[in-house]
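Undergrad: Pulled these from Swiss-Prot:
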type    : residues     : note
BINDING : D9, D133     : Mg(2+) 2 binding site
BINDING : D9, E47, D69 : Mg(2+) 1 binding site
DOMAIN  : 1-141        : domain 'RNase H type-1'
Amino acid sequence: MRPVIIHTDGACSGNPGPGGWGAILKFGDTEKELKGGEAHTTNNRMELLAAISALEALTRPCTVDLYTDSQYVKNGIGSWIHNWKRNGWKTADKKPVKNVDLWQRLDAALKSHEVRWHWVKGHAGHDENERADQLARDGLTKHRLKSRIG
């Protein structure tokens, strides 16, 4: 399987509010930047969409090292998702999982790949994390303008 390194980030102005996500994919000497956003969303949804969009962009099975500064994503995928799935996508106190649509999409995106998850401290000088943050802010800016116009 092809090795890929992914760095992701999400951003939101207000929570909820306009938001953006960004991802950098590196494979060999090739690098690809992805970004997007929504007019009305949350930071956690943007963090999830960054990881989902990056994984869905891969066209064949890969071994992935995915770096995120989101404890929500890291804990969700590393600890919580297994119980959610076993409990029919309900939390331990029987409430529906927040952002279940995105967690299910992330779960599906993982099936083709071997993914190792890494947490990095945000805004701490990690070059790729800073670049992913800028892409997320670019996506946010585009959708902040849309929410003001539309």
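Keep in mind that glycine also has a Cβ here, set from the backbone N, Cα and C atoms.
Situate these features within the shown structure.
TA: D133 (Mg(2+) 2 binding site) has a Cβ environment of 21 other Cβ atoms inside 10 Å.
In the three-state DSSP assignment, the secondary structure recorded for D9 (Mg(2+) 2 binding site) is strand. Summarising the environment of D9 (Mg(2+) 2 binding site), the number of other Cβ atoms within 10 Å of its Cβ, over all protein chains shown, is 32.
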Undergrad: Could you give me three numbers for the domain 'RNase H type-1' (1-141), the DSSP helix, strand and coil residue counts?
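TA: So the counts come to 57 helix, 49 strand, 35 coil.
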Undergrad: From the centroid of the CB atoms of D9, E47, D69, the recorded Mg(2+) 1 site, which same-chain residues not already listed sit within 8 A by their CB, in sequence order?
TA: T8, G10, A11, M46, A50, T68, S70, V73, G122, N129, A132, D133, A136
Undergrad: So what's the average pLDDT for the domain 'RNase H type-1' (1-141)?
TA: 95
